[in-house]
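A.B. asks: When I checked TrEMBL for this same protein, it listed these features:
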type	residues	note
BINDING	26, 29, 48, 51	Zn(2+) 1 binding site
BINDING	94, 97, 122, 125	Zn(2+) 2 binding site
DOMAIN	90-132	domain 'TFIIS-type'
REGION	74-94	region 'Disordered'
ZN_FING	26-51	zinc finger
C-alpha cells in the first residue's frame, strides 16, 4: 500500500498565492465583502458591511499588482502625433493611404538588444510603420 506524499506547507502557500485575486460577494445580500482581521482568531476574513455574513479567507493575499516589464516599442504613440509640429518630418509616402508626409521617432525601448529603430507615423491616416515598410 503506497501513500501519496503530503504537499509541503510552503508549496501549498505558493500555489494559493498564484491564484487569482477577485472580488467576493455576500451570499445573503449580494453586497461586496471586505477584508478584515479577526483579532481573536488571528485570521483574515471577509465581512459584509450590511449584514452579519463572514467568510474565512483561503489565502492571505487581498490585492495583487502585476507589473509588466515589457513596454511596446511604440508605447504611448497616438494617431494625433502626426499633427505635432515639434517632431521631425520626412517625405515618405504612406504604404496604407499614399500620403506623402510622415513624422518619425526612435524606438522607446531601452534594452541592450534593441537597435536604433525608426518608426514613421503617417500625417494623413495616423498609421505607424517602421523603416522596413517603405
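Placement of Cβ uses the backbone N, Cα and C atoms for every residue, glycine included.
TrEMBL labels come from automatic prediction, so no person has curated them.
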A.B. asks: Using the Cβ center of 94, 97, 122, 125 as the Zn(2+) 2 site position, which other residues in that chain lie within 8 Å, going by their Cβ?
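C.D. replies: For the Zn(2+) 2 site the neighbour list reads 95, 96, 98, 99, 102, 123, 124, 126, 127.
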A.B. asks: Once 26, 29, 48, 51 are set aside, which residues in the chain still have Cβ within 8 Å of the Cβ centroid of the Zn(2+) 1 site?
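C.D. replies: Near the Zn(2+) 1 site, beyond 26, 29, 48, 51, sit 27, 28, 30, 31, 33, 49, 50, 52, 53.
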A.B. asks: Where residue 125 (Zn(2+) 2 binding site) and residue 26 (Zn(2+) 1 binding site) are concerned, what is their Cα separation in Å, rounded?
C.D. replies: 50
A.B. asks: Mind checking which residues reach the zinc finger (26-51)? Cβ under 8 Å, same chain, six or more beyond either end.
C.D. replies: 57, 60, 62
A.B. asks: List the Cα distance (Å, whole number) between residue 26 (Zn(2+) 1 binding site) and residue 97 (Zn(2+) 2 binding site).
C.D. replies: 55
